[in-house]
Amino acid sequence: MKITTIHFLILFLSINKVYGALTRIRVQEKTRENLSNDAKKTFDKHIKSMNTLRKLSDELHGRKNKKVDMNEEVKHSPLNNVALFQGDMILTPNKAAFMIDEAKLKVEAKKHGNMTEKEIANKLKKNRAFQKNMEFKWEFPIPYYVDTNVDPSKIDKAIQDIEDNTCITFKKYGKFSDRSGLRYFFGDGCYSLIGRDGTDHVQDISIGQDCDFNGIIQHETLHAIGMFHEQSRFDRDKYLTIYLDNVSPNQRHNYDIYGVDESETFGIPYNYGSAMQYDKQAFSSNGKDTMVPKNPLYLNTIGNKARLQFLDFKLVNLAYCSNKCDGKIKCQNGGYEDPNNCGTCKCPYMLSGKTCTDYVKNPNECGEKNYYNLGSDPITIDVERDIDCIYSIKADNGKKVKMTVVESNLITRGDFCYTGDALEVQYLNDKSLTGVTICGNNDGKTITSEGPLMLVRYTGSEEFNYAILKFQAV
């Protein structure tokens, strides 16, 4: 089905919707009430762990520890649940133990100055909590079932996309409770346990009101297989500026970094467009930005909930699929060997070919050419209507490509602009990274490539969408 402006508008309004004000204790009760019996036990332990982590966070950052008022009214939205870790995660006992150990070591290091981040990571690896944290990796296929009031076709579609791009497989069943697996149910918001919670019982993924969008279902499913948010990465502060003054004091622990070991990222670069990256106003108490990209071009790109991105899939493959193929083929431009078809490459979305060195070919309606060599004269590309086109522009003689949006009428959804919306511009040398997304009216906006090559994707959603783009070598 073609995604139209109205579909994007519904998505924008839904995931940023604030539910009616509730007290903290009521949020906690509503989150718990529809969980399975096993999940309720895990949730109760999670609440205790969250209290411990909050106190350790205050101690680490020199904040006065203030008792949480459970009768305080709080903002409550699908991905911002004050009872959950970072708004949408229930900590398993093993994961919580590991994180508490890490937080205690950081507090100790701050008090005595006797450990570096690397030493903390090495000490954690020797701890029992780390070993138990790594104990419960999923075996495939992962059993799952879809409970009442959740659209099974949407769950199946999101899961199929994960299967198509990774070695992870799932198997759908009717209702079960006697084995490890996933239950997609209609709970209070969008949330999941983080990682596998044992081997003998089903665990829950809530796809509640306003959560049944492809990217959100995939986001919560990746939590279940052990993936954290992008803004939790060890190198987060190189890429984001965090404004804690705009975050409620009782929510500031959500911006702590857990996972001091860079090996957890498997060498994947920080990706602003990741579906695991929250938006710029996550956990805001005053409507102001709480995290801003240090690359300002990506300000409205962060918070993508349309679909997992190329590097999201690649990270899953490195974590779970490294032994599926023999690695004989060397994929270029950030591509990775397809675990479902060894000897072939999965390529970044705007590239193709056996080793990801070719450009994606356009349908005829996109124009005569999709690859341009820039000389001394500029070129202009005029594209319109509800079509999907990719253009590759390369400058010669060591020059760069400068793109100017001459005129445009593109989909707009306020301050958010997701991949697949309107324009995506891959101007950095690393083409595996999500490009800068451009929506709405951006006439006169310019972007200059980091190197000689720029890739541009136009996705029109309506007949009246269009863009006139000028490219010149600089």
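Cβ atoms are placed via backbone N, Cα and C, with glycine included.
Note that TrEMBL annotation is computational and uncurated.
Keep in mind that what you see is a predicted model, and the values were worked out from it rather than measured.
According to TrEMBL, the protein carries these features:
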- Glu220: active site (ACT_SITE)
- His219, His223, His229: Zn(2+) binding site (BINDING)
- 129-322: domain 'Peptidase M12A' (DOMAIN)
- 1-20: signal peptide (SIGNAL)
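Neighbours of the Zn(2+) site: apart from His219, His223, His229, residues of the same chain with C-beta atoms within 8 angstroms of the site's C-beta centroid are Asp88, Met89, Ser192, Glu220, Leu222, Met227, Phe228, Ala275, Met276. Between the candidate binding-site residues, His219, His223, His229, the densest Cβ environment within 10 Å is the one around His219.
Glu220 (active site) sits 10 Å from His229 (Zn(2+) binding site), taking the CA atoms of both as reference points. Confidence in the domain 'Peptidase M12A' (129-322), given as mean pLDDT, stands at 92.
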